[in-house]
């Protein structure tokens, strides 16, 4: 999740049965080149474990230098091979890498050789031709990747299209390493169904957790204590207006009317948002 899974949100979801969290997708080149970028993109705490940092890179040199800077603060390195956004494809990162198995293997090998203490994983999408995907993941496994997360759509499929569970199952059946399923997980029942139908080792949610950070605790909608906890954590750790506002818009989407959403979107500061929540929803973040 670009931008969204920063420290306050990660600590929030850990309180609702999430076992493993990821940082937002971080550009390795910018991270290794800029102290400002590092301070902006990554913060952590003693309780922020286990934590995987997800890098986007189009070469193993930038990836390794970025990973070396952060190796003592995380529990694993993930290479994003799944982001379908046009800007990512143009930069030669994300789902673009699904057409570059040699490069992905080079990046995995570089991390495994130079930072052996940390697991190295990849997050992928599937090809239209599943033979290419099976070849891709088996090559990654042969080079030492520790686990693979599979988003069950191609890079060109919209998020409204069904996830290909048979593809995820096929990948799992062809690998000995753990496989994590991703895509269209909005409820605990969704997670359990995908787990049962694919035989994977675990499930990951992104958009579903944004809408309901208590998803894995069995809640159908975001409970109010979750919203209060998010506000408290955001104030304690620090955040910016954009991220704070957008997280709350996701969490409140199912309870706000269109008029309330319009009003909420006019709020231009964190204090204004907190005042609004206190006045209209009885927020008590302390």
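Note that Cβ sites are derived from N, Cα and C of the backbone, with glycine treated the same way.
Listed in sequence order, 2, 25, 56, 93, 94, 95 are the same-chain residues six or more apart from residue 83 (active site, proton donor) with CB atoms under 8 A from its CB. The active site, proton donor annotation in TrEMBL covers 83.
Here TrEMBL flags 54, 151, 206, 207 as FMN binding site. The number of other Cβ atoms within 10 Å of the Cβ belonging to residue 206 (FMN binding site), over all protein chains shown, comes to 16.
Among the features that TrEMBL reports, domain 'DUS-like FMN-binding' is placed at 1-256.
Confidence for the domain 'DUS-like FMN-binding' (1-256), expressed as mean pLDDT, is 96. Sequence-distant neighbours of residue 54 (FMN binding site) (same chain, 6+ apart, CB under 8 A from its CB) are 22, 23, 24, 25, 26, 78, 79, 80, 123. Here residue 207 (FMN binding site) comes close to 159, 186: these same-chain residues lie at least six apart in sequence, with C-beta atoms under 8 angstroms from its C-beta.
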